[in-house]
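Read through the structure below, which is laid out as structure tokens, and then see the notes.
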Amino acid sequence: MSPTTAIDGNSSTNKKFKVTVVGSGNWGSVAAKLIGSNTLKLSSFHDEENVKYLPGIKLGRNVVADPDLVNAVKDANMLVFVTPHQFMEGICRRLVGKVRSDAEAISLIKGMEVKMEGPCMISSLISELLGINCCVLMGANIANEIAKEMFSEATVGYREHREVAERWVNLFSTTYFIVSPVQDVEGVELCGTLKNVVALAAGFVDGLDMGNNTKAAIMRIGLREMRVFSKLMFSSVKDNTFFESCGVADLITTCLGGRNRKVAEAFARNGGKRSFDELEAEMLQGQKLQGVSTAKEVYEVLSKRGWQELFPLFTTVHEITIGHLPPSAIVEYSEHTPNFSLVEGSAQYY
């Protein structure tokens, strides 16, 4: 999907902003709905938005479908990316030299790329390949509920320029969708990425009927591993970020109602005998799981550093998804408490 929303921006300079949403699926559709309704109200935006795929949701008259990715982005100075993370490098390479030099980007994508030198966040990939600044938006955001205008929150992570973050906040915020800015791109983005791995663990627990106490314990352990992994990867990550919508709130909602939990539950009920690919095709009507690929990417990082024992939940989830362990193994590591002080400089995380 390549939706383009035209939005007017800075009234002091009479600059107009035009938005393109590049993405697909329920969340891409909801993003276009939020943006489309807000751009009609804000004088700093153009009155037209381009979108490629938006099934099932009534959108504003300013939302225009455009199947041509390059054409959709060529005049936009605000780019919203909301695609499965495994497609982003290819999309960005197609857009090299095709976007405006003054464009700002925001990523709603939950995932990361693993390079030889370590993990590469999607926001960094966008910035490096397209040469533009990129914020992120993450949160407890099950798309179908937002589409029905049920109250929810989200977090915009930004690096330096608060005014850019506020522009994104204004673009997405409504009376039922409250957005707050946090100066911590990597922290916000890793929360949105890693919670899908924990959601798989929660789904295994549900599929084995282990109960709410077990599920709560898995979520707590998962949050601890999310925090430690994030701070080991990026020393700039802030503790407070984990208490924003992108952190504990997103973790809770994903472990209760997200697609990763749902498919992981089915995987466990089938004793791991049906593959995630098969279940995804059957259950998600073309939508993509993020947790399985993210678990693999996280495991690659852990194995290269010899950290598997420090992250027993992350490690076990990956081993279950590839069939090396049964779903019941999700609780069998729990007697082992990792000693994070074994990692140089990380004693404060233990």
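A Cβ is built for glycine as well, from the same backbone N, Cα and C atoms used for every other residue.
Pulled from TrEMBL:
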type	residues	note
ACT_SITE	K195	active site, proton acceptor
BINDING	G23, S24, G25, N26, W27, G28, F45, F87, A143, R259, K288, Q290	NAD(+) binding site
BINDING	K110, R259, N260	substrate binding site
DOMAIN	18-161	domain 'Glycerol-3-phosphate dehydrogenase NAD-dependent N-terminal'
DOMAIN	184-332	domain 'Glycerol-3-phosphate dehydrogenase NAD-dependent C-terminal'
*Which are the residues of the chain, K110, R259, N260 excluded, whose CB is within 8 A of where the CB atoms of the substrate site average out, their centroid?*
N196, A199, T254, G258, R261, L289, Q290, G291
_For the substrate binding site, please report the maximum Cα-Cα distance among K110, R259, N260 in Å._
13
_For the domain 'Glycerol-3-phosphate dehydrogenase NAD-dependent C-terminal' (184-332), what's the mean pLDDT in this predicted model?_
95
*Whole-number Å distance between the CA of K288 (NAD(+) binding site) and the CA of N260 (substrate binding site)?*
9
*For the recorded positions listed here, K110, K195, R259, K288, which shows the highest count of neighbouring CB atoms within 10 A?*
K195
*Give me the Cα-Cα distance between N260 (substrate binding site) and K195 (active site, proton acceptor), rounded to a whole Å.*
10
*If one measures from the C-alpha of G23 (NAD(+) binding site) to the C-alpha of R259 (substrate binding site), what distance in angstrom results, rounded to a whole number?*
18
*Measuring CA to CA, name the entry from the binding-site residues K110, A143, R259 that ends up nearest the residue listed as 'active site, proton acceptor'.*
K110
_Secondary structure composition of the domain 'Glycerol-3-phosphate dehydrogenase NAD-dependent N-terminal' (18-161) [DSSP: H/G/I, E/B, coil]_ = 47 helix, 40 strand, 57 coil
_Sparsest-packed among the binding-site residues, when each Cβ's other Cβ atoms within 10 Å are tallied, from G23, G25_ = G25
*10 Å Cβ neighbour count around N260 (substrate binding site)?*
26
